[in-house]
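So the structure is just underneath, and the comments pick up after that.
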Amino acid sequence: MNNLQHTLRASLVFGGGGALLLLLFFIHIGQGQANISYSMIIDALISPNQSLEHQTLIMLRLPRAVIAILAGGALAASGVILQTLTKNPLAESSTMGIHSGAYFFLVAATIFLPKGLQINSLLFTFIGGAITALFVYRISGEKKGTPLRMALAGMVVTLMLSAFTGTMQLFYENETAGLFLWGAGSLIQNNWDGVQFSFPFIIISFLVLLGISRKLNILLLGDDVAVSLGEKTAVTRLIAFIAAIFLTAVIVTVVGPIGFVGLVAPHLMRLIGYRQHFTLLLSSFLWGAVLLLGADVAGRLIDPTGAELPVGAVTAMIGSPWLIYLVYRMMKSKQYMNDNGANTAGASSRYYSYKKVIIISITLCIVTIALGVTIGSNAYIESITNVISGQLTQFDKNMMMNLRLPRMLVAAIAGACLAISGLVFQGILRNPLADPSIIGISSGAGVGALTIMYVFPTLPGFFLPIGAFIGGLLAVGIVLFFSWKSGFSPTALALIGIGISALGSAIIQIFIVKANLNVAAALTWLSGSTYARGWNHLENIILYPSLILVLIIFFLIKQLDVLVLGDDLATGLGQPVNKTRLALIVLATLLASVNIAAVGTIAFLGLVAPHLARIVVGMNHQRLFVCSALFGAILLSIADLLGRTIAYPKEIPSGLVVAVLGAPYFLWLMRKSGKKVN
């Protein structure tokens, strides 16, 4: 590249970026419910006075715009460093779980250490982010882990920590009031305190990174070359790691977790041609500021009525497609696609008697439902003895038959259906990581159901499954389209699905804010809950559609025994591969969507139950169908019972209980499959 090209590129990146940032800055401070002209804005900037308009601008709008610039730049710089240290082009604070770790620690401190929070909040977020980053790096295989595997581990850790955080928010609703909007990333500032707090930390950390930029360039040559040149690679990595995590911690402390800025901005600069860290850091800082300020402008343009859209949701809507695009590009490189699609995870060399497994499972399912019906929220043993002795009042009978029994049946049937859906997808895609939540169906169905509720609020409740099905089918269609090129690689498919899930979650957050939905109720539904589910839910939403779908899938499920052998062999045996796969995809999506509409988004159930079934009874899909359904029913019934009783009088959504148990299993499964590959 000659000098003229260098000059043109610098003019475009820094001159054009600076001009765009200035334009967005003036648009941003002109937005708001109070109508302030641009002439008044200029007057307030030059010679401010005590008028309401000037004070609104100086104390509310300007701090918000400045913190957007600082936060965007800091997150972009952090993304550059994380991508360099991990040699992972997908690395960023959100994809590595750093945001969720920092946010989890901060919420915990808000609840349990409120007096020390004001002083130590930055310390809590830094420790949480650092621990999470190291954990993700470890679980993904460290230096042997592929970029896709590392990003997938970060996303799953995010889901797990979000489950813990959501549980705490539901338990301590008063203590965490207002954290929902902030937890989604909010730039709202009521004064200059946030800017004054974050500015010195951001500038010092950024200057440190600029100071070691040459050493970071040498790191890209490899440790052997760097050591031969006299560089202390361990010291450089440690300084860069601390600075990157610290930048993220500062931002989470002030404005909450805002994802994908550190992914998009550095990649834009690399696409333009910047590779040296000094210019890469400077340009990424500038364009990270442009991206976040622009996202906040866009969020306020979407709803100019004054209802705050979390800027984190807007950046997720921008960044999720970018993540999918990057994964799609990386599929061209075989080094990222080194995990095969064989669906043997969970297979064992020793299986148990099928009849004994069925008898034990049915017994356990009945016992679990019976316990759920007889035990109240406080789990008194007297409840059981009263049932056995027949000493029940009319109130007790009504409580058991009209409240607890339908709720437990909803949990059992929904658990069975989600497990069957997961089994079908694992068989169709020959992918041990397939699950309605992992491949995007859960969030897609949630968007579809909320769209019906928001756009058509007067429609009867039985239209919810229709909206959920359309949303779920659209989500799985997008995931399958983009992952087809990789041969439905387990890691790539799961990561694209999680990208779709992030996009769906952002849309759901926007729906919640715009529709003024009850935050606690929304959190409960999004976490997955059978709370207040009665006979009408069982009959109209779950039982009839699910029963029909389950019967159809049962008669088709045997086809999976042939499909898992490979398309060529299945075709040679006379199997209509494409028709069978399409039919099962539609049926499994519809089955999952119907139940998600009833009980909310429950993650990992469709992953865990089929794997447990495979361990017990082997690879025969008709046997797996029955066992997966029973295991799913047992798991969600137990989760519902535990959620009602272990923290009385509070109630934990059953979906959170399943997520807390399922996410570690997913990470173990991914770690195990990674060892086989390596």
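Note: Cβ is positioned from N, Cα and C throughout, glycine not excepted.
Record features (Swiss-Prot):
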- 10-30: transmembrane segment (TRANSMEM)
- 151-171: transmembrane segment (TRANSMEM)
- 192-212: transmembrane segment (TRANSMEM)
- 238-258: transmembrane segment (TRANSMEM)
- 278-298: transmembrane segment (TRANSMEM)
- 357-377: transmembrane segment (TRANSMEM)
- 409-429: transmembrane segment (TRANSMEM)
- 517-534: transmembrane segment (TRANSMEM)
- 537-557: transmembrane segment (TRANSMEM)
- 584-604: transmembrane segment (TRANSMEM)
- 623-643: transmembrane segment (TRANSMEM)
- 650-670: transmembrane segment (TRANSMEM)
Short question: most Cβ pairs under 8 Å with the transmembrane segment (278-298), which of 10-30, 537-557, 623-643?
10-30
Positions on the same chain near the transmembrane segment (192-212), where near means CB under 8 A and six or more residues out:
59, 63, 66-67, 70-71, 73-74, 77, 81, 122, 236, 239-240, 243-244, 246-247, 250-251, 253-255, 277-278, 281-282, 285
Hey, which bits of the same chain come close to the transmembrane segment (357-377), Cβ under 8 Å, at least six residues off its ends?
383-384, 387, 399-400, 404-405, 407-409, 411-412, 616-617, 626-627, 630-631, 633-634, 637-638, 640-641, 644-645, 648-649, 651
Residues from the same chain, set at least six apart from the ends of the transmembrane segment (584-604), whose C-beta lies under 8 A from its own:
159, 163, 410-411, 413-414, 417-418, 420-421, 424-425, 427-428, 435-438, 441-443, 445-446, 448-449, 464-465, 467-469, 471-473, 476, 480, 524-530, 533, 537, 541-542, 545-546, 549-550, 552-553, 556, 559-560, 636, 653-655, 658-659, 661-663, 665-666
At a C-beta cut-off of under 8 Å, are there same-chain residues at least 6 beyond the transmembrane segment (10-30) that contact it? List them, or none.
36, 38, 41, 57, 61-62, 64-65, 68-69, 269, 272, 274, 282-283, 286-287, 289-290, 293-294, 296-297, 300
Grab the same-chain neighbours of the transmembrane segment (409-429) for me: Cβ-Cβ under 8 Å, and only residues 6 or more beyond its ends, written as numbers and ranges.
341, 343, 365, 368-369, 372, 435-436, 439, 441, 488, 493, 530, 533, 537-538, 542-543, 546, 549-550, 553, 557, 560, 563-564, 581, 584-585, 587-589, 591-592, 594-596, 598-599, 602, 605-607, 609-610, 613, 621, 624-625, 628-637, 639-640, 654
